[in-house]
Amino acid sequence: MFKKLPGDEAQHLVTTTPDTAVVFRPAVLHTPAIITVLIFTWRLLAGLIRVIWRHPIAAIVVAVPVVTWALYGWPWGLGLVALVLVGLTAWFFLARASFLRWVGWRLLAFWRRIWVYRRHWQPVMIVSGLGRRIHGRDYLPRLVHVTCTSWADLVTVRMLTGQCVKDWADRVDHLAHGFGATSCRVSIARAGWLLLIIPRHDPLATPLPAVPIPDEATVGPVEIGRCEDGTPWKLKVHGTHVLVAGATGAGKGSIIWSTIRGLLPAVRAGLVQIWALDPKRMELSFGRTLFGDRYAATPDACADLLEAAVAVMQERADRFAGLQRTHTPTTEDPFVLVVVDEVAFLTAYQSDKGLKLRISAALATLTTQGRAVGVGVLAALQDPRKDVLSIRNLFPDKIALRLDESEQVDMVLGDGARDRGALADHISPIPAQGAGVAYVRLETSPDPIRVRAAYVSDADIRAMAEAVTA
Ligand SMILES: Nc1ncnc2c1ncn2[C@@H]1O[C@H](COP(=O)(O)OP(=O)(O)OP(=O)(O)O)[C@@H](O)[C@H]1O
């Protein structure tokens, strides 16, 4: 009783049954002051032992100068502190990365745990509805651990018994604003435990220049931009099909061109062929010379080119049958990447029913059977609804650039993606801030990650075309 309810509240606590006049009033026992003092002293000691146990290095850092001071006088204690500070400063300037990993981020995490999360935990939990106040007692999810990376705080939380991930995913806005951030993402750490990813700043806020053309001719995952954690964003194109969805001006072109750029050495080596379908006649026409005669803009020509890709695919399937199950690019059988800009022009918005059927059938055949024989599709579209692209589920990998409506996020990335923090509908429509920013789900994790494609300028595309034709 002492621990759970402040005495005043217990005194005034009265409950009755709904229908009868039965009154429950807790008996209040006045605790002698000495017991209160003993309990508080015990708690203080237990807290101290817990801090030393959990943070032994920090405890040693504090204890050693204090003991030195006590044993040998203040000049020695102060001298030791100065020595440590000089050592740390030198470490910071000489090897910043290791300093940050071992000291910097840990100190920041310690500070943010106390100053941001502990301080605001109770009000944020209660106001957001993730904690409960029952009869004056707060039942709060437990703040277990805070770690810092270069751009975000990773907060480990133990949920209240009976809570589920959706309870938290529905309140990411409350959590973000409650802890002074602009966004928050939720992922499962283990049963009953969550990891909240709360960015301190946006590492993708400024446009990225085009990734340098690789030296090596490879069809391996192509580096096309950067992930939020600073690692390169590598897009797999060989052995899969990729669908890029984004509203107008979201930066679909930068994903298409960055991919082509990364494949350029392989194109020159004859290991990759890019087949381009450009019904809008805007995006891909700019680097037309890169595609040779494998470029189509009119619906007729697009249908013919797609059927030619199907023919290549079927011829390979006949040849490979019983001999090999996966494709290795060679100059005889190069990887064929069919790039389609605004695929809806060829499917949903196509008025000629015959052409529409031919195109839809060819696309469905390529996306169901092309992977194993080295024919891939990279398609971009603005509106990801099923009636616009009925075969969207045949694309194993999907990228959600800025979208107009929140429902479209799950249509692209799969159920629950938005709840887990893929806020593609919140990406800034200002090109400098939001164009090329996207959410993707990697094979290794169900949690969406935020990425930004590098911007390939007109000059870059011209240089690429010259490099290929030279
Ligand atoms: N990765 C990027 N980083 C920075 N700015 C970009 C990026 N990609 C595109 N932009 C800017 O955004 C503008 C629109 O980009 P883009 O034309 O690629 O969009 P889109 O999605 O293809 O649009 P639409 O569907 O209308 O063709 C570009 O003119 C460019 O200025």
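Note that Cβ sites are derived from N, Cα and C of the backbone, with glycine treated the same way.
So that you can see what the record holds, here are the features copied from TrEMBL:
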TRANSMEM  27-45  transmembrane segment
TRANSMEM  57-74  transmembrane segment
TRANSMEM  80-103  transmembrane segment
DOMAIN    219-410  domain 'FtsK'
BINDING   Gly246, Ala247, Thr248, Gly249, Ala250, Gly251, Lys252, Gly253  ATP binding site
Legend entry - binding-site residues compared (Gly246, Gly249, Gly251, Gly253) - the one with the fewest other Cβ atoms within 10 Å: Gly249
Inset, instruction - Using the recorded ATP site (Gly246, Ala247, Thr248, Gly249, Ala250, Gly251, Lys252, Gly253) as reference, state which further residues of the same chain have their Cβ within 8 Å of the centre of those residues' Cβ atoms, listed in sequence order. - result: Gln382, Leu401, Arg402, Ala435
Legend entry - Distal contacts, the transmembrane segment (57-74) - CB-CB under 8 A, six or more residues away: 51, 80-81, 84, 110
Legend entry - Average model confidence [pLDDT] within the domain 'FtsK' (219-410): 89
Inset, instruction - Could you tell me which of these binding-site residues, Ala247, Ala250, has the fewest other Cβ atoms within 10 Å of its Cβ? - result: Ala247
